[in-house]
């Protein structure tokens, strides 16, 4: 959907831009004409057609929007609970498009390399199996890392050229207010790289090890070059690298940096209003994301 909107913006920008250039450098010469060769009096020609006037007015606006969305920031909506408690359904986020490279908005070819994801980053990316779908997850494994996810739901990381695994410890445990299938989820603090954040774990649910996208072991993955291992913060309710593999760098869209608005959608089925109309605005959630 986001890519389709980008293509529409590109088309409108090119169309209105072409009309603006045509009017500015060719048709505009006919808008004013000399009253006579020796006269400085100008006579106004007939008014431009409506489609030229509208194109000239629209062009700078759509060009700015295209530039802003393609190279600076793009808005996204959180549709699922896989990133709870960090992100909730109804959060609208800003994604920094220049964090990992500037790409053209049509073919998504990298134009300028501006950086790489760091451990703990929240990244938006094109789902490898269906590039028309955007996912958001947290970066756990970098290229060359070996990742292990234990039966007690803790992450172990062995960096490239290191011999031993380092445990990513969970701390500040408490029973959260989030409920999944009638079960209160446990909330923990976790630190990946320099990023402190919270995760949720279902104490009554075991991991689906049998459907892991495994490499060199049942619960162990070796991250290839130019690819990343990502996971959701809601560990037992997330489709992520454990199940479908790695995210290529080429699929990265950008880094999620802020929530700009957050809506609640809790309407009863017998309501006279459609389900997509918000019931509340969560102002307290607006701000930067960890």
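Cβ coordinates come from backbone N, Cα and C, glycine included.
Per TrEMBL, the feature transmembrane segment maps to 6-27, 50-72. Feature annotation from TrEMBL assigns domain 'Peptidase S26' to 53-260. What TrEMBL lists as active site is 82, 137.
Packing around residue 82 (active site) is summarised by its Cβ count: 22 other Cβ atoms lie within 10 angstroms of its Cβ, all protein chains included. With respect to their backbone Cα atoms, residue 137 (active site) and residue 82 (active site) stand 8 Å from each other. Packing against the transmembrane segment (6-27) from elsewhere in the chain are residues 48, 51-52, 55-56, 58-59, 62-63, 65-66, 69-70, 105-106: each is 6 or more residues past its ends and has a CB under 8 Å from a CB in it. Sequence-distant contacts of the transmembrane segment (50-72) (same chain, six or more residues past either end, CB-CB distance under 8 Å): 6, 9-10, 12-13, 15-17, 19-20, 23, 27, 96-98, 102-105.
Counting Cβ atoms from all protein chains shown, residue 137 (active site) has 24 others lying within 10 Å of its own Cβ.
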